[in-house]
Amino acid sequence: MANIPILTLITLSPLLGILILLFTPANKNRLIKTIGIATTFIPFILVIWMFLAYDYSEKGVAFEENLRWIHMPLNTEAYQGQVSSYFIQFNYHLAMDGISLLLVLLTAIVGVMAAFASVHIKKRWKTYFILFLLLEVGMFGVFMARDLFLFFLFFEVTLVATYFLIGIWGYVGREKAANKFLIYNGLGSALMLIAFTLLIATAGFQVDQSVAGQTHLSYSGDLATILQNLIQPSESSVVLSAGMQKTIFILLLVAFGIKLPIFPFHTWMLKVHNEAPPAVVMIHSGVLLKMGAYGLIRFGLFLFPQQTESWATVLAILGVINIIYGAVLALVQKEFKLVLAYSSISHMGVVLLGLSALNEIGLKGAMFQMISHGLISALFFLLVGSLYERTHTTRLDELGGLARSMPFMSGILLIAGLASLGLPGLSGFVGEFLSFLGLFSEMKVIAVVGTLGIILGAVYVLRGVLGITYGPMEDRYIGIRDARLIEAIPMMALTAFIVLLGVYPTIIIDPLQHSFEQFLQLIKVGG
Amino acid sequence: MESVYSQYAWVVPIFPMLAFLVLTALGRQMKEVGVWISIVCTFASFIYALLIFIERVGSNVEDYTKGMDWIRFGGVHLSVGFEVTNLNALMLVIVTFVSLLVNIYSRGYMKGDERITVFFAYVSLFTFSMLGLVISSNMLELYIFWELVGVCSFLLVGFWYQKPAAKAAAKKAFIVTRIGDVGLFIAILLLYVYMPEHALDFASIHNVFTQPDALAAAGIGAGVTTLIGILIFVGAIGKSGQFPLHTWLPDAMEGPTPISALIHAATMVAAGVYLVARTFDVFHASPDAMQVVAYVGGFTAIFAATIGIAQNDIKRILAYSTVSQLGYMMMAIGVGSVTAGMFHLFTHAFFKALLFLGAGSVIHMIHQQDIHQMGGLGKKMKVTAWTFGIGALALSGIPPFSGFWSKDAVLAAAWEGHKGLFVVGIIAAFFTAFYMSRLFFLVFTGKPVTAAKDVHESPPTMTIPLVILAVLAVVSGFVYTPFNSWFGTWLEGTETVEHANYAVMAISTIVGLLGIGLGWLIYRKHAISSEAIAGKLPWLTKLLANKYYIDELYHAIIVTPLRAIGGALAAFDQWVIDGIVRGVASLTLLTGRASTRMQNGQVQTYGLITLLGCVLLIVAIVGRRLW
């Protein structure tokens, strides 16, 4: 496996499907769907293979690919010959550690399931699947990139692809939703770009005097270099003032906070949940939101442990606000998709809680919660898609008693709901429990306030799920049929993953063995 | 002595799990086969539980524990495992036995329901979870199964999901117990933080909380101990329907009646009592927590008994009775006698399951739950009437039925040092006897009122469990009497000196007979008119019939405000938070439009702007100089 550029293969494998699709006639609906779905299996199989080959006991990064990509010489005249070279360099640097592995795995799983859910797409299948696969490339890239510039590039790819996917194939208000999505996320990207530029210009600066008589000056976007300069500065590295560190940290916090989303930057994602096609929401809620948490961990926490520490209480409070605010609002929504949207806000609050604990339990709990929420919300929107096909509405006051005409889907919906409200034995519980356990060791009162979310979670989930499936059924729904096989397969697969993680959580906790070691050591030293 | 069967105690819950998986895979086909799979698996569980129990009845059997890591990283070890002690060996037998009888009974009761396999799958899942709860070796694992039994209860209460009342009751059952669960959840967090090596297993809890030195070494002060105890008890309050979280249990009667017998009388609702007994060392270390348990239990006992008097739904009367009896158990543990509490749990499981199944037999026949619409059923349903009568006598605490001995044990425990609670218990016992005789006489004697024709006895698959339970309702009390302290000795591991308290026995018997006598006078002889009493105290009748308006109160102080807050926040979210976003967006747009204006191609405008810009620049530069 060592000789195969597995990371590149995974990242770029959806391009193969795009290539084939380009030469497929646009009116061959079935063929296009088959190609689309089949393509998502390639990275899925590769990731599973890598997951099995991943050696947890090995320290840190297990797979890595690093190539010089952009090399831009700068004017050396000012140095009057004292330096041999002066340049900016961006690398094509992909790497895989435990954190990336889990998120890539999530992306691959949700990718396949969302491709199945795309059978409900009604028009322009070719363009749809091309953009869909492009989105997948972007997501893989985001989670593997170890160069700021490369990361930014992949991040923007996901934005563009999602923008079109919402704007063209969404429901009635799709264009407004897409615009809002783009403007809001564009703002986040701008802040991220400023933060990245500042980082490259300061911590990315390197003086290389390894060869005698030669001095190489460079600005690098390489994450490893930046991390090194920030946490173990050598004599020649630029030292960031506390104010500068704080500025960059806040920029990153807001940039990724929009994506996560952290209250009060959440309103854009409500529209997306409500207006985007369910297959896209599966990816959006399942994976794209995790890019916010991932960015926060990778760049916020890891690069600025001391800043993180001084902001921990704020993060915890923001987390609790997310949990309760999301839960209370989920409680009064009349549209099931919005119940789910606010529930995502609430669940992302649990991620924040776990992160702000700054201990091993909390951090791993937060990671677990991310994966678990990804699977659960993917399952929810898979169901929403199939439901809408049959009822043409997902408003709670227009539904009810559907367990009678579609017992299978109602059963799966109930399982998704129970997982979402944190029933032990399903994945939601583990993430929630570990996050609360982690935080409780550090900030008892905040954690206890957060547990209110556990009660409220039960209330809004049962209100939503039972509102659809229990009670008397209206006559107009008598004729509707239960899930077709092509719909049932991804439902069962996602349910199986949710049960697996709930019963045997170690399977995704083990890969995280060394992921937070360095960070926790720095916190300990600093604290 | 070497334990042989205990080593494989995990197979006890495995059988029903298998049944659940097979039934789920089967779907709705093969109804009869599905039912038998469930019955056979539960039977296998019962036999194995019995083997363990018999093994442990032999003297000096060591407790057996085995566990493995569930989540492990760094210094964190969260394990799952099982433990066999006398306490949970007893519970294993109770749970598998009642579950087996309910399985057999449901074969008749649920006959013809198109979702009968789903029903049996849920029952199997419940049995699995309940058994898992019982043999859990640590708090986290117990919590896991604790939630699972809760969800099974929810599923079965809402089994007839099309009925709006069932839907509401299922939701309420889940949410109200969840409030209690969060208490237990926080208790576990506290234990994790404070226990040495973050141990959550019962053996470690026992070791730490029984030794003051160990407590001090772990830094667990009196306050923390009390807090942990009370939080655990909050969990038990939710599950065991104690005041103030009792409101879900009577509503849960919307579920099929066999479920009420199994889950809401004999097993799951007793889990709260079991939990307090299991973690008794924590309570023992905190007198304050003990007081809370004792008084909440005592209050619930009398509070629910008074409501039971004024209800007209046969199942709701029994439900309030269950709440009340669970209060007795809590009270017993609270005043320090785990044995009395567990003993009452043991006998109650049989006679209350019997009463519910008897009620189910009646409901099955006449499709009616209002006791005023029954009457005279005794003649046509002899087995049901006789067995129900035995159950009612046991519940009323009439010697020599089992309930007498266990209630006596509870009252005797209260007598020592808690005279106030003793009086409460006695009064509640009077009400208990009264509402049971009212129920019995109205349903089984007098003139038939029901409109249902062709009333006859239920099929054997339903009456056989009734007879078996009736036998147990008579004899199960003899394991622990003032003349035979075997149960107490065996359970507590030490010789309990239980000298007969004849005064207590006499008082409780007399009170029980008085209650029955009053019921007989009013509802059988009609010597006293119940309407006349109600007419004299209209406010009291109304208060009791409306269950002290607790539901209305909760609605007013919790549900309505929560909805209002939700509505207000929704408006805030839409108009303020998103309003700001929209404002910023339109501001950007306006700026854009304004700047487009500047580029209108007219040289004059450009000149003007340039001039303005220059002036601003000059002002800025000069201004900075002046500073």
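Cβ atoms are placed via backbone N, Cα and C, with glycine included.
Copied from TrEMBL, the annotated features are:
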- B:70-120: domain 'NADH-Ubiquinone oxidoreductase (complex I) chain 5 N-terminal' (DOMAIN)
- B:136-432: domain 'NADH:quinone oxidoreductase/Mrp antiporter transmembrane' (DOMAIN)
- B:33-54: transmembrane segment (TRANSMEM)
- B:87-105: transmembrane segment (TRANSMEM)
- B:117-136: transmembrane segment (TRANSMEM)
- B:173-194: transmembrane segment (TRANSMEM)
- B:259-277: transmembrane segment (TRANSMEM)
- B:289-310: transmembrane segment (TRANSMEM)
- B:317-336: transmembrane segment (TRANSMEM)
- B:342-363: transmembrane segment (TRANSMEM)
- B:383-401: transmembrane segment (TRANSMEM)
- B:464-483: transmembrane segment (TRANSMEM)
- B:503-523: transmembrane segment (TRANSMEM)
- B:603-623: transmembrane segment (TRANSMEM)
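Across the residues of the domain 'NADH-Ubiquinone oxidoreductase (complex I) chain 5 N-terminal' (B:70-120), the predicted structure has a mean pLDDT of 88. Under the criterion of 3 or more C-beta pairs below 8 Å, with sequence separation of 6 or more, the transmembrane segment (B:464-483) and the transmembrane segment (B:342-363) qualify as touching. For the transmembrane segment (B:259-277), the residues of the chain that approach it from at least six positions outside its boundaries are 87, 91, 94-95, 98-99, 102, 105, 123, 126, 130, 133-134, 142, 146, 149-150, 152-153, 156-157, 159, 184, 232-233, 235-242, 249, 252-253, 283, 293, 315, 318-319, 322, 326, 329-330, 333, 338, 341-342, 345, 348-350, 352-353, 355-357, 360, judged by C-beta separation under 8 angstroms. Helix, strand and coil counts under DSSP for the domain 'NADH-Ubiquinone oxidoreductase (complex I) chain 5 N-terminal' (B:70-120) come to 29 helix, 13 strand, 9 coil.
Here the transmembrane segment (B:317-336) has Cβ contacts under 8 Å with residues 236, 240-243, 246, 249-250, 252-253, 260, 264-265, 269-270, 272-273, 276-277, 280, 283-284, 290-305, 307-308, 311, 342, 344-345, 348, 352, 355-356, 359, 371, 395, 407, 409-410, 413-414, 416-418, 421, 424-425, 428, 431-432, 435-436, 439 of the same chain, all six or more residues outside its ends.
Outside the transmembrane segment (B:173-194), and at least 6 residues removed from its termini, the chain residues within Cβ reach (under 8 Å) are 139-140, 143, 146-147, 150-151, 153-154, 157, 200, 205, 218-220, 224, 227-228, 230-239, 245, 247-249, 251-252, 275.
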